């Protein structure tokens, strides 16, 4: 069962930063308790509650979420199984009634680990850690050039330095980065307009490359991360000029 609170305010920027949070717990009483703690905290915004892991995964992967309050002991798919099934995940605060899971919990790089019953004081410590981690991650990246793309119904921030090349896939394009392949609905021409000309070059009808990622090239191919990418004959001179290489 899903209880959702998504509304227009979720994307509004304000001077007070709020982490978009969800609860995943099969116990309705526990969800009520956690929801009250979230609603009482100035740095949290409750956007959804989920009573099982399957619905949670669908909701989390199709929306922009910053923090998950996740119960470990759930039927069919437990909290650890949910984390393993997610390709990428936001920060996680695990909640459990048992102490046995502590060591295993931190194998999943969780932000914190809370024991039931929850106290507001200990909950606030978890939130402080989550806010600190969020601010640290965003401070590191705030000066890096990036673009925002929509993939799988989610807006994703992609840093230009992470992009190796862009590849045409029919009506879609694939961004190949250091960490993942991101498929978006776009043409090569329109996407190229979003990229800085001094950093990216279209070397073939099906490929745009990050000039900084080139390892070597010939008259027919460019090599990036060991992949041979075709170089159009009429793009060789443009490539050499971009790399300041004499012909």
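Cβ coordinates come from backbone N, Cα and C, glycine included.
Here is what TrEMBL says about this protein:
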type	residues	note
DOMAIN	20-131	domain 'Response regulatory'
DOMAIN	160-245	domain 'HTH LytTR-type'
MOD_RES	71	4-aspartylphosphate
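With a 10 A radius on its CB, the residue listed as '4-aspartylphosphate' counts 25 other CB atoms from all the protein chains.
Mean model confidence for the domain 'Response regulatory' (20-131) is a pLDDT of 91. Under DSSP, the residues of the domain 'HTH LytTR-type' (160-245) split into helix, strand and coil as follows: 21 helix, 39 strand, 26 coil.
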